[in-house]
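Chemist: What TrEMBL records for this protein is below:
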REGION    36-75  region 'Disordered'
COMPBIAS  48-64  compositional bias 'Basic and acidic residues'
DOMAIN    86-405  domain 'Peptidase A1'
ACT_SITE  ASP102  active site
ACT_SITE  ASP287  active site
Amino acid sequence: MSRVVVNSIPIAPQLAADVDNLRNLVEKDLRRARKHLSPDTIAHGPRAIHEARNKDNHRHHEDGSGSTPAPASGKAITVDDATVTYMMPCIIGGSEYSLLIDTGSSNTWCGANKKFEPDSSCESTRKSVNVSYGSGSFTGTEYTGTIILGGKDSTLKLDKQSFAVASRAQGFGGGMDGILGIGPVDLTSSTVEGMSSIPTVTDNLHDQGLIKTECIGISYNPTQSNGTMANGELMFGEVDQSKITGDVTYVPITSTSPASKYWGIDQEITYGSSEKMILKQTAGIVDTGTTLIMISDDAFQAYQEATGATMDQATGLLKLTNQQLKNLQSLNYKIGDTTFELTPNAQIWPRSLNNALGGDADSNYTVFASMGQISGIGLDFINGFTWLQRFYSVYDVTNQRVGIANTANTNAETN
């Protein structure tokens, strides 16, 4: 395993200072959830991707040999907590960009706020690119060229990678220059003019022999301040054992659509020692691009009833009194044969960010929001950024599975 530590880029203060970005957090996550549920999404998910590749004996390799070069060990890149998401510095062409890390989409692109400066490796295909995220969108042109994941101090260099340059971007404020899409490759279907799909950065890391297994391990940490902090990690190609406590629980990609089109899993949620049912076993997704923990409306109501929380009109989040917070119990997430505990502290929005959210400095807000539909629609939850800050997650295309593990942050009292 090799590790790349990159200099923290001063983008998060801009992002955190974008008050509108925080105060419309619930609405933005809800629009993104609706996009995930959209019937026009035609992806088939990691399972179908892997099966299709096994049938294809003529995949193109840059060395022309018809076989994948000898793989290197895993590559770890330190990434920046930008308050409501994580960002990775990437060199594209002649400039460094701060890209939002997104497991719920698969196109990589730049130019949302910083002008694209091509170098000699970049070549335009003259093909138009259009992608909508629900909470934002962009249109632009496809290029191929060199991308260095992790910025100027990194050695993780991809050649002839497809990426897009935005001519128009909507919904990307602060220091977001674009997106690093690490979702299933089929999510690129119909996004590039005349192309059925576009290889993702993870695909090409594997094909160019930089990683042995086409997987990504993600380590996030609870947000503690309204500013930037280089405290997360993306590990390409393997699991970083130093980031976990215990074993990784792996589960197959769910077969239930539309969750199966993404990094979808099956899980059950209960509340407290009495195991009050919040959400019976059902399908949903793990998504770094969603900030909050989204659950179906019936599950949301069950959680509100169990906790006694009331809806706060200023933030759009549930609010707990000090006594209710004192009585708050853990949520139990049963994934595969393992139960993961989301502690009371992990259910609370960081108090240091209450004002930026539009709330009261001393109030207690939860990190849950309703998806606006009852369960049984095939995508009944989204384990977003705030959930992922407490657990290690693995996105494994090669073995068609998602992995979850406890970390030192699982029981942290940071909020």
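In case you wondered, yes, glycine gets a Cβ from its N, Cα and C as well.
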Chemist: Give me the Cα-Cα distance between ASP287 (active site) and ASP102 (active site), rounded to a whole Å.
Modeler: 7
Chemist: If you count Cβ atoms within 10 Å of the Cβ of ASP102 (active site), leaving out that atom itself, what do you get?
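Modeler: Counting Cβ neighbours of ASP102 (active site) within 10 Å gives 24.
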Chemist: Quick one: give me the count of other CB atoms within 10 A of the CB of ASP287 (active site).
Modeler: 27
Chemist: Over the domain 'Peptidase A1' (86-405), what is the model's mean pLDDT?
Modeler: 95
